[in-house]
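S.K.: Could you have a look at this structure, given as structure tokens, before my questions?
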Amino acid sequence: MRLFAQTLALCLAVSLSLAVPSHHQGEHVAAEEPAEDLPAHHHSFHHGAVIDRCKGIEFDAVAVNEEGVPYFFKGDHLFKGFHGEAELSNETFAELDDHHHLGHVDAAFRMHSEDSPEHHDHQFFFLDTKVFSYYKHKLEPDYPKDISEMFPGIPDHLDGAVECPKPDCPSDTVIFFKGDDIYHFDIKTKKVDEKEFKGMPNCTAAFRYMEHYYCLHGHQFSKFDPITGDVHGRYPKEIRDYFMRCSHFGDKKTEEHLEREKCSRVHLDAITQEDDGDLYAFRGHHFISVSGDKFHSDTIESAFKELHSEVDAVFSYQEHLYMIKDNQVFVYKVGEPHTHLDGYPKPLKEELGIEGPVDAAFVCADKHIAHVIKGKKALNIILSQFNPNLIKLLEMMYSEKQYLLQQMNYGRYRIDCVSVCYSKTGFVRS
């Protein structure tokens, strides 16, 4: 019962930690008729247009303001935060309308350079051949300027831009995108290095959020390394699944959305409980831990940097976290901070004797058996601190509602009768 109550509280906490509210929710009256679907690259979203971000549009630019709220630009319009109606960009940035002949915002970013206090925390917008600098929504004197004046060596008509502060990049840097070309602009020296990011598609917009870097392309996005361009994890992903609240879109049925929206509208990729009672829940790039009445939320990469992002399953055993991702197992010693064990990751086949991927895993308290869920099968893996090579697999079929681990004896190990609450996103021991 204690775990059930903790899990409910955990789901609520995850929903609050992952939902970033718009500062303007409810301030705008919704239009009577929704906009017709337009091609992703369509730019004719002007003053009279009605824009629904859930219809599937390709954003022109994205920038995060000084309060951490993302601004999504499309044509003459602007979305603030992850939900809420569109508003005209000139309601917040009046001067953009004075230069409407330049067209829409091509690229945008928020400058991060404490070595350049005159530009630190300013938002820069690129339109055609010009750049605008705003601080707290006010245009700075002598702007707009030519892009070549403020950022020598950077071309006009950009596709995207994103800041890369130290230590993410060796020096405070701005990354510019134009077609296949990528430019790293050193803010202090104004040196430009051309890069080649082979691991990701051309970006139509880019932004930095919670110390991660995202490249938008069409309706999708990829998380990338700002130095190498490497893409870690399963990408591309649908923007509307992560960066906006869209209850219905695409070809999905209502039932599929309702299933995904259970548990305070948050699904979990993995959940585990340590021997001391501390809980860990994982979703996407983030995790949340519960220790007593204290909650902590952060990115997976910040605490488990070797993983980079999503996990498939996690279980706790003898003060270690076993984290399964694809066909690999990462093992961390529990502590502050968690310590990644030497020699890991190891192949899942070598460590646990099974092939990946898996859907979920757990270990009952004070037991030596890892229950691994893989499709419609439950694999019981006997873990032995005396003989780590001893592995036995028992396969059992179970229904989607629940299954019962019957009382069984295997030498020194005994599996007690445990009921398991099942959902399509994980298991919770009751």
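Every residue, even glycine, has its Cβ placed from backbone N, Cα and C.
From TrEMBL, here are the annotated features:
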- 102-154: repeat 'Hemopexin' (REPEAT)
- 155-199: repeat 'Hemopexin' (REPEAT)
- 200-246: repeat 'Hemopexin' (REPEAT)
- 308-355: repeat 'Hemopexin' (REPEAT)
- 1-19: signal peptide (SIGNAL)
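Explain the structural surroundings of these features, please.
M.R.: The predicted model assigns the repeat 'Hemopexin' (102-154) a mean pLDDT of 90.
Beyond the repeat 'Hemopexin' (155-199), the same-chain residues lying 6 or more positions past its ends with a Cβ under 8 Å from any Cβ of the stretch are 61, 106-116, 119, 124, 126, 128-129, 147-148, 205-208, 211, 213, 215-216, 224, 226-231.
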S.K.: Taking DSSP states H, G and I as helix and E and B as strand, how many residues of the repeat 'Hemopexin' (155-199) are helix, strand and coil?
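M.R.: Helix, strand and coil residues of the repeat 'Hemopexin' (155-199) number 0 helix, 21 strand, 24 coil.
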S.K.: By DSSP, how many residues in the repeat 'Hemopexin' (200-246) are helix, how many strand, and how many coil?
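M.R.: Breakdown, helix to coil: 3 helix, 19 strand, 25 coil.
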